[in-house]
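Quick look at what TrEMBL annotates:
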- 33-467: domain 'Major facilitator superfamily (MFS) profile' (DOMAIN)
- 34-59: transmembrane segment (TRANSMEM)
- 71-93: transmembrane segment (TRANSMEM)
- 105-124: transmembrane segment (TRANSMEM)
- 130-149: transmembrane segment (TRANSMEM)
- 161-184: transmembrane segment (TRANSMEM)
- 204-227: transmembrane segment (TRANSMEM)
- 271-291: transmembrane segment (TRANSMEM)
- 311-330: transmembrane segment (TRANSMEM)
- 342-361: transmembrane segment (TRANSMEM)
- 367-390: transmembrane segment (TRANSMEM)
- 402-428: transmembrane segment (TRANSMEM)
- 443-464: transmembrane segment (TRANSMEM)
Amino acid sequence: MGEEAPTAVYVDGCPGCAIERKKEANKGIPYKELFFVAVTTVASALPISSLFPFLYYMIEDLHVAKKEQDIGLYAGFLGASYFVGRFLASLFWGVVADRIGRKPIIIFSVLSVVIVNTLFGLSTKYWMAITTRLILGALNGMLAPIKAYSIEICRPEHHALGLSIVSTAWGLGLVVGPSIGGYLARPAQQYPNMISDKSIFGRFPYLLPCLCISVFAAVVLVSCIWLPETLHKHKNIDNEIEMSSDSRAPQTEEIHGDKSLCKNWPLMSSIIAYCVFTLHDTAYSEILSLWTISDRKYGGLSFSSKEVGQLLAVAGAGLIVYQLFIYRPVHKFLGCVNSCRASSALTIPILAAYPFMTHLYGYRLGLALYSAAIVKGALGITALTGTSLLQNYAVPQSQRGAANGIAATAMSFFKAIGPAGAGALFSWAQKRQHAAFFPGDQMVFFILNIVQCIGLVLTFKPFLAVPDHYDLK
């Protein structure tokens with residue numbers, strides 16, 4: 001490296017260089033590009049979150065659980081199938097995104113939502129429901145390239161905003177998805193005066209919410225025409241791509257593109273912490289839905305699917321407000337690592353309070369439950385966004401798709417065992433309501449807290465390493 005910063009080298013016809021020129025000329029926030037990031041992320045998130053409000057009833061209607069207490073077990077497997085598919089294919093999509101570009105993978109992923117999610121709504125057998133979810137997870141490879149994309153369209157000072165837009169859009173999916181699932185599932189039962197049992201939505205009670213999501217994804221698919229590519233497509237001779245793409249960015253200084261990703265400990269340690277937080281977040285979402293909808297005699301709250309959808313929607317709305325107005329100041333003040341530590345520590349007492357909410361009714365229950373769900377969602381997304389930022393800071397652009405692919409693969413594995421493990425744990429806990437040690441739902445939230453404590457420990461040295469150039473705060 002010379003004493004002066006290298007001069008940017010731009011190649012005509014290269015989409016990545018075109019983006020770099022645009023960033024050089026416009027030092028503001030790229031609102032148009034971030035809008036495309038948001039809508040495509042929402043389209044990807046909706047099929048996942050819309051399932052939770054009606055998952056319990058879907059298992060009942062598919063007649064696979066012999067006992068009511070076993071519903072959680074089968075619900076866990078169905079919830080996990082999507083993430084098994086994503087686990088199998090995420091690394092592939094990340095590598096392909098580094099080869100052919102981010103845009104083609106994003107477009108293909110949205111197209112898979114349009115087709116396969118509709119087929120899931122037509123499921124009449126348990127095996128069909130699991131198969132379509134598995135295929136949807138395998139074909140929806142947008143998670144890795146969209147994170148890389150959100151970094152690459154922004155100047156360095158806006159990187160946190162770029163990744164937080166992905167999380168905010170995911171939160172919007174948490175608002176709209178459960179609302180769609182809760183209000184539109186089983187429409188013949190919920191709205192008998194409008195929809196007949198003999199209509200297509202009466203014969204396929206879960207098609208309507210899936211179809212609405214697929215229609216939205218189809219609209220987003222058309223908007224992808226205006227999605228600009230960010231990947232550099234020219235020979236990287238004498239590291240000219242790195243100079244032109246991110247010569248000023250903190251995450252590319254002193255990082256060498258030929259370094260093996262598996263030997264990049266700052267990357268791998270942040271992925272490990274990210275996976276533990278992901279496991280916790282997914283298991284929490286599964287358990288929250290099952291716990292609120294199960295009967296009070298089993299330690300639940302006896303909520304309807306509509307009430308569960310409303311709870312998740314309000315929590316998602318609070319998450320959006322947090323991401324848009326609060327997260328950036330928090331990140332600026334604490335940094336990635338310290339914000340992860342603080343959010344992890346604050347989550348523990350909130351989770352410990354959940355089992356005692358079964359003694360509340362009316363507005364007291366609503367106030368406690370909704371407040372806890374909103375705060376828990378904000379704390380969870382703080383930890384996930386912080387570790388995700390560290391992953392992208394640990395690699396250059398030429399490896400960013402593959403790095404996010406590794407993270408998505410590992411994260412999908414934990415997301416797969418999260419619902420399955422949570423469902424099995426919930427079913428087991430319901431059968432021990434009178435145990436002496438953490439009876440019933442107390443054991444469920446106790447184990448969730450153990451996982452959260454592990455995540456907290458992983459944010460400290462020697463478990464977590466950060467790039468030498470990154471300011472730890």
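Cβ atoms here come from the backbone N, Cα and C positions, even for glycine.
All annotation found in TrEMBL is predicted automatically rather than curated by experts.
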Would the transmembrane segment (443-464) and the transmembrane segment (342-361) count as touching if the test is at least 3 Cβ pairs under 8 Å, pairs 6 or more apart?
yes
So what's near the transmembrane segment (161-184) in sequence-distant terms, Cβ-Cβ under 8 Å and 6+ beyond its ends?
29, 34, 37-42, 44-54, 146-147, 150-151, 153-154, 190, 208-209, 212-213, 305-313, 315-317, 319-320, 323-324, 327-328, 331, 377, 381, 384-385, 388-389, 392
Any chance the transmembrane segment (71-93) and the transmembrane segment (311-330) are in contact, meaning at least three CB pairs closer than 8 A with a sequence separation of 6+?
no
Counting only pairs at least 6 apart in sequence, do the transmembrane segment (34-59) and the transmembrane segment (204-227) share 3+ Cβ pairs under 8 Å?
yes
Any chance the transmembrane segment (311-330) and the transmembrane segment (367-390) are in contact, meaning at least three CB pairs closer than 8 A with a sequence separation of 6+?
yes
Which one, 130-149, 204-227, 271-291, 342-361, 367-390, has the most C-beta pairs under 8 Å toward the transmembrane segment (105-124)?
204-227
Same chain, outside the transmembrane segment (367-390) by at least 6, Cβ under 8 Å from its Cβ: which residues?
147, 159-160, 163-164, 167, 170-171, 174, 266, 270-271, 273-274, 277-278, 280-281, 284, 288, 292, 301, 311-312, 314-316, 318-319, 322-323, 326-327, 330-331, 336-337, 339-340, 342-344, 346-347, 350-351, 353-354, 357, 360, 407, 455, 466-467, 470
